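> For reference, the structure I am asking about is given below.
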Amino acid sequence: MESHIQIFDTTLRDGEQTPGVNFSFDERLKIAKQLETWGVDILEAGFPASSAGSFKSVQAISNTLTKTAVCGLARCKKSDIDAVYEATKDAVKPVIHVFIATSPIHLTHKLKMTQQQVLESIKEHVSYAKQYFDVVQFSPEDATRTDTDFLIKCVQMAVDCGATIINIPDTVGYSYPNEYGRIFKTLIENINSKQDITYSAHCHDDLGMAVANSLAAIENGAKRIEGTVNGIGERAGNTAIEELALALYVRKDHYGNETRLKLSETKNTSDIISRYAGIRVPRNKAIVGQNAFSHESGIHQDGVLKNPETYEIMTPQLVGISKNDLPLGKLSGKHAFAEKLKSLGYDIEPQNQAELFKQFKAIADKKKSVTDRDIHAIIQGTEHEQNAIYQVDTLQLQFVSNGLQSAVVVIKDKNGNIYQDSSIGTGSIVAIYNAVDRIFKHKSELIDYRIDSVTEGTDAQAEVHVSLTIEGQPVNGIGIDHDVLYASCKAYVEAHAKYASEINKKEGNH
């Protein structure tokens, strides 16, 4: 059997625990399809028992994917296991992920259980899960702070009861490569099983070592890595799958193993997650950041021009970044636009290209040239707005006096209902956001506001990122438009729409 490092993607489960991130039902389906295109082996679609909305999205993903294994998370509770079974039973490859905490601090303060009670719970619930699933994965939560002898007992119990995947979570990002690698070596040497056991690594990045720890696990026998796209996740995030995959590819001379990811889909996957999560990828991010293949130093530039391998250990094309960014202009027609969409990997029916072409022409009238990044922004922005609960319809601004501005904001929902209100503020942005708050009637507080440009130049499209709390809940929003104020309004409305979507999801609506 061909050996490869399996990728277990938990963007839709652990990744969504990032503060402010709330994927809509439609976004979750689109992300799942893209992850299947990228080639992940297993997709953890969610925690079905947590809410009616989560159950429905896991169920929909299970019914949609045609090649990828779909996994649901369950505590050591029979009701959780039942929920995962019902949500994933129609998946082409259903998998259950059962977990329980094993560290002293968790046993004492969270579970209030003894070690013996934990072992009995593992026995009861892994055995129960095995009645419904051919593939059962078990995780001892906070494994890296668990006594080694007790960890061995927990894993052995899970294996004896039918678990064939053993995942070792560094839940709080506490471990370091040598230590984490030794845990795998110890388990592999001490666990007895008549079946083949796959060992999996799940690392958090609190100390900045998630990818390094995952690679150490591979060096010590792990065959599966859990992670998220762009490394999103609670606190400092999770193992960034794209970084792990490219490390294995570039240094296959050392690791001797690779993933089966379609690496040319890496940048596209990263962009989609960035867009839907409302979190911009840092410019200096490894693999997918804007500066990943940029060279400022004259010496470096000279070397790259003579031979790219002087300062580039991989090509931009490898991860799906096109070097042939031939811009379109205001004289470009529908055929040229359609060919550009095709070259960028978009499969859009001709009848659905009309609105996109209209947006392209509007931008082309304002810019000297429309680049690939502009096109990506148009596509992703349009898809996102089409799926949004609310969209900005019109925005009017007027100077009042003494630095005060008035704003009239009109938005519409999916059903075409119109909502309008106005307000004043010390500047355009404050006035706009006050008006939006009046429309939604929620208590909100702006935490962060940033403007980035989609492309270079004074004629670039603006990309506005906002982070705010609505009724105490953190949410993010992104707005893209050639007009900075309109983009700002879009971002703020999107944040409110995400909050509304989260409320609907908890109530089981989508």
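Heads up, the Cβ atoms here are built off N, Cα and C, so glycines get one too.
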> Pick from D9, D14, D437: which one does Swiss-Prot list with H202, H204, N238 for the same Mn(2+) site?
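Of D9, D14, D437, D14 joins H202, H204, N238 in the Mn(2+) site that Swiss-Prot records.
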> May I have the list of same-chain residues other than D14, H202, H204, N238 whose Cβ is within 8 Å of the Cβ centroid of the recorded Mn(2+) site, in sequence order?
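Close Cβ neighbours, site residues excluded: T10, P169, D170, T171, C203, A210, E226, G227, T228, G233, G237, T239.
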> Which residues of the same chain, at least 6 positions away in sequence, have a Cβ lying under 8 Å from the Cβ of N238 (Mn(2+) binding site)?
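Residues satisfying the criterion: T10, D14, G15, H202, C203, H204, D205, A210, E226, G227, T228, G231, I232.
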> Taking DSSP three-state, what's N238 (Mn(2+) binding site) in: helix, strand or coil?
strand
> Report, as a single number, how many Cβ atoms besides its own are within 10 Å of the Cβ of H202 (Mn(2+) binding site).
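By my count, 27.
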